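Everything below concerns the one structure shown next.
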């Protein structure tokens with residue numbers, strides 16, 4: 001009995017010891033939110049930089065109190081990042097994105113996100129292999145160099161959300177954000193493909209197989225996300241849970257969104273692409289099939305989870321950057337670590353410029369109207385906005401160069417510390433300079449963006465009553481002559497476009513089956529949008 005009581009006491013004390021760091025971490029999350037609110041007027045200080053700064057300060061305090069043994073409260077876990085933190089961020093991005101702007105620039109986004117990532121990966125890999133041989137870093141293999149290219153080609157999809165506002169700069173936001181999501185998915189797919197290929201016997205058949213697998217992952221991941229979103233829309237439209245309980249339909253939306261991500265992981269697909277397109281489909285169909293209160297709830301629930309996950313990631317990155325175990329191995333050659341970090345940062349700059357400007361030129365050749373083309377100032381903004389690296393790069397670097405977050409190999413340790421340095425420098429320095437740069441390059445962008453804003457009925461904003469949103473916006477902008485002229489200009493474009501045919505197919509087949517704006521059935525207490533019905 002005494003032995004049993006002793007074991008129970010040990011278990012309780014162990015559980016309590018794990019509760020302490022969780023409490024401290026939650027308190028730090030609250031502190032980041034409060035500090036971010038106080039710094040809201042300082043437009044150059046974003047939430048990510050605030051969380052990084054708090055994480056760095058906390059890491060210093062923990063280092064001093066533990067005698068230099070550790071700098072973070074929680075142990076980094078790739079599962080924690082990819083399974084729990086990344087899904088709400090990517091899903092909310094797809095759920096809130098302006099669909100017209102996104103799909104109007106879909107080919108350009110795919111050009112930047114897929115082809116551009118391949119170009120950037122090739123340049124960074126070749127440059128890393130060239131300079132590492134000159135610096136006598138001999139422990140790295142060809143697979144490591146290719147992995148480095150994929151790691152540092154991953155732009156920060158979290159930071160790009162804070163670079164531009166989709167209401168103020170719809171074209172730039174759709175390009176930068178859309179490219180960031182596709183870029184992350186491409187980088188992760190490339191990274192895992194590199195790890196699974198036998199690089200000692202590369203030939204044309206293996207290259208063709210690699211390209212086929214790459215296309216298969218992209219297409220199948222997108223289809224899975226679309227099907228999951230359509231399934232949720234069909235179930236909610238047919239059963240209409242809201243007539244009994246709005247909690248059920250909200251819970252079903254949340255679980256179906258997460259199910260899409262986990263199904264992609266189960267079938268070894270790109271979960272980022274899957275959950276992103278699931279969010280787009282849910283915002284187009286499912287969101288309009290639920291009650292008004294459920295619309296408001298889901299909009300704020302998804303946004304809140306995404307916001308907390310972003311802060312959590314940057315807070316941990318700040319603390320983990322000071323982890324003493326990662327710096328011990330390279331303590332005998334700090335100059336080499338600094339030089340490698342500088343080279344990698346330079347390769348990131350060159351690699352991104354190598355595809356942004358040429359691909360923008362190719363994209364402009366396919367555009368008929370001047371307002372559809374990407375001018376040089378916008379190209380510079382897109383190039384700069386994608387220079388930040390963060391948690392995706394760190395997670396992939398841990399996967400390639402460490403075991404449980406630590407390594408004793410000199411070359412691997414240099415890559416880990418260099419990744420940390422590039423992440424911190426790019427996020428803080430480039431992040432601080434992005435908003436001033438946008439104001440300098442695009443001083444009148446806010447006014448022109450308001451004239452080309454996309455569809456009003458989206459879950460992005462609830463500044464006006466939900467059911468009267470369309471009428472309210474029309475009344476508010478009826479006196480704005482430039483806006484009306486711009487809308488007429490858009491409507492005067494040739495109707496035989498992809499969007500035109502998709503709208504006809506959507507109204508004729510998709511919305512009658514899966515619901516959506518203007519196609520919700522009239523059921524007592526149903527979420528029918530009367531203003532939209534009048535439009536229909």
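Cβ atoms here come from the backbone N, Cα and C positions, even for glycine.
Automated prediction, rather than curation, is the source of TrEMBL annotations.
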Transmembrane segment per TrEMBL - which of 339-362, 435-458, 459-482: 339-362
Listed range which TrEMBL flags as transmembrane segment, given the options 191-213, 214-236, 237-259, 490-512: 214-236
Cβ contacts under 8 Å made by the transmembrane segment (413-433) with residues that lie 6+ beyond its boundaries: 44-46, 48-49, 52, 137, 140, 144, 148, 151-152, 156, 159, 162, 314, 317-318, 320-321, 326-327, 329-330, 333, 336-338, 340-341, 344-345, 348, 384, 387-390, 393-394, 397-398, 400-402, 407
Two-stretch contact, the transmembrane segment (300-319) and the transmembrane segment (51-68), at least three Cβ pairs under 8 Å: yes
Chain residues outside the transmembrane segment (109-130) and at least six past its termini with a C-beta under 8 angstroms from it: 102, 142, 145-146, 148-150, 152-153, 174-175, 178-183, 185-187, 190, 218, 343-344, 347-348, 350-352, 354-356, 359, 362-363, 382
Tertiary contacts of the transmembrane segment (20-39), as residues 6+ beyond its ends and Cβ separation under 8 Å: 45, 47, 50-51, 54-55, 58, 73-74, 308, 311-312, 315
Contact between the transmembrane segment (270-288) and the transmembrane segment (80-97) (at least 3 Cβ pairs under 8 Å, separation 6+): yes
Positions on the same chain near the transmembrane segment (80-97), where near means CB under 8 A and six or more residues out: 157-158, 161, 166, 174, 177-178, 181, 184, 257-258, 261-262, 265, 271-272, 275-280, 282-283, 287, 302-303, 305-306, 309-310, 312-313, 391-392, 395, 458-460
